Amino acid sequence: MEIVSDSSSPSKTKDIDGLLANVGYKVRSSELHQVAQNLERLESAIVNSSSDISQFASDTVHYDPSDIGNWVDNLLSEFDHTASLPYDFSQLPDLSAPPPQHHHHQSSSTVNNVEEDSAIKLVHMLMTCADSVQRGNLSLAGSLIEGMQGLLANMNTNSGIGKVAGYFIDALNRRIFGQNNVSHQVSLYENDVLYHHYYEACPYLKFAHFTANQAILEAFNGHDCVHVIDFNLMHGLQWPALIQALALRPGGPPFLRLTGIGPPSPDDRDNLREIGLRLAELARSVNVRFAFRGVAAWRLEDVKPWMLQVSSKEAVAVNSIFQLHRLLGSESDSNYHSGIEMVLGWIRSLNPKIVTVVEQEANHNENGFMERFTEALHYYSTVFDSLEACPVEPDKAMAEMYLQREICNVVCCEGPARVERHEPLVKWKERLGKAGFRPLHLGSNAFKQASMLLTLFSAEGYCVEENQGSLTLGWHSRPLIAASAWQAVPLLDAETLRFDC
Amino acid sequence: MMHHHHEYMQEGTRRTTSRTQQQSKRHKFFINDNIDILREILKRLDGPSLGVASCVCRLWCNLTTKDDSIWEHLCFRHVSTPPPASVRPVVVALGGYKRLYMVCVRPVLSRLGESEMVRKQVWTRHEVQLSLSLFCIDSYERLAGGMVASDAAASSLIFLCNPINV
């Protein structure tokens, strides 16, 4: 911070805050906190005031605004309202709660207050920084980042707001200094490893897999030739359970084909084929006739329906776990189909018996940066809270890294590079409805299974809720993941869907 | 007359004692000679007792470790309706009942048993299905190759171990 020399009071120059002095206000650095609080109180008093404040406006000219501390004090004394913070902290889960302290009991109350104050201040600064980024005031944003990093140095960054804030500060930093697209390009191998630990550390992926499998199993009832299309095969961890359930279904297993979509493998390896071989071996051991096909594509938009080789005799299930939102940022092609419309269109042309969609229940696709930032801060705070309860290391640390990349993408990137465009279920319902799908109810079996699965996780705080046929998994009543199932509305005679090329 | 009676009685007793001794030597029941009975008894033990039983002698150890039917009984004793016959080949293919018990059923039982909902210790097909699914994932991960010891749970099932009070 710059020190501004003030010839009239040399003994006090070192104390004046430089940033505010640049814009014409004289405040002592030691009083900054108090002045800030008073400003907030004043703002909320003005906003919440139900009485006529026009007379108040004329009073303000009596006080010297450059001595802002006194100015605020005087104005506040004109009001009788009780103070309230401008942001509604009751909605932020655990953000200002201090981390659990097992050892300090007597002194904990003072420590808690200090921690809480720091937490509140940190959140304020995060919001202000994001706001200045949105306005383009990068120098202010930069100094706020320094301030926050200083604050973090004195806070507990192992849990709670300290930890989450750290990731968001880092992401803002990257955005300001233009490291958007370069820094966190992890290799495919690293992505695999992080994904696996994320799978183990928390129940989100397992909930997604088990719920989707249950819906697919029920949809395949009575069919002898079934074909599952997985939009993101990864390690194929979803499919052993389905293979086993099909093996044990009354009437015997069907002939199961699995088409797995995934990124092309580096070197000469064929990761998709390796996963396929492993699944085939498992299927063979339980006597399920199985065939696998891998489709390598960097993006889902690049996949063409003919690559999937769907036959009309089979019952098709399309499975998308956290994939559809990645299509929302892609630009329209020459036929004016946006990426998502195109893909939903060819999914429908396959006439699937069921489409299982699992997505993050969050709104991270607003155009306004500030809204996105705030939403993401709430959402990931809750997710990290739920991770706190994970007892297994190094899974937890890796899972956090996995999430950190999502955070970075939401905060730093724009345009096609921003792929983590999460949208809540209501928006997906709208989109899928327009694309010609109608919802399928997930049923009580899926609900029971999900509840049971969650009971197995040592953390108590997860909850499954049913909402008009879809299931959401949440942490302490904040929904985090939504699973739903869909069926194509039968085409009318006049409609044809053609997706050549 | 009393004297003769007494001697006669003593001799009779001696003869009876030696006869019972011979009888007991001929018809002494030794459990290890009757493996079917032993198996029936072992089937009715719970997990920890089976573990203790396997330490008794080599025969008991072989029975408890190699004979999967004992573990099958243990896995499904809580189930209200016995699982269909098609389950057995699947479980055997995926690793056997002993592994199913050690890796899935026991942790699931103990974890579900802690929750207030399932104190009654009777399983429905849902719990069975969930255990089998988790077991299948475990089996699949072991296929991925050699990173886990034979008795340790595969990585994705580690969340079933070590419940921690949060």
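Heads up, the Cβ atoms here are built off N, Cα and C, so glycines get one too.
For A:17-83, the entry in TrEMBL reads domain 'Transcriptional factor DELLA N-terminal'.
Residues annotated as region 'Disordered' in TrEMBL: A:90-112.
The annotation region 'VHIID' is assigned in TrEMBL to A:195-260.
For A:274-306, the entry in TrEMBL reads region 'Leucine repeat II (LRII)'. Listed as Cβ neighbours of the region 'Leucine repeat II (LRII)' (A:274-306) (distance under 8 Å, sequence separation of 6 or more from its ends, same chain) are residues 231, 233, 235-236, 239-240, 243-244, 246-247, 253-265, 323, 326-327, 330, 339, 342-343, 346, 349-350, 499, 501.
Positions annotated as region 'SAW' by TrEMBL: A:412-487.
Mean model confidence for the motif 'VHIID' (A:226-230) is a pLDDT of 96. The annotation motif 'VHIID' is assigned in TrEMBL to A:226-230.
Residues or ranges marked as motif 'LXXLL motif' in TrEMBL: A:324-328. Helix, strand and coil counts from DSSP across the motif 'LXXLL motif' (A:324-328) read 5 helix, 0 strand, 0 coil.
Within the chain carrying the motif 'VHIID' (A:226-230), a Cβ under 8 angstroms from the stretch's Cβ atoms is held by residues 216, 220, 236, 238-239, 242, 246, 254-261, 308, 310-311, 314-319, 350, 352, all 6 or more beyond its ends. Nonlocal intrachain contacts for the motif 'LXXLL motif' (A:324-328), taken as residues 6+ away from its ends with a CB within less than 8 angstroms of a stretch CB, comprise 231, 299-301, 338-340, 343, 357, 359-360, 365, 419-423, 428.
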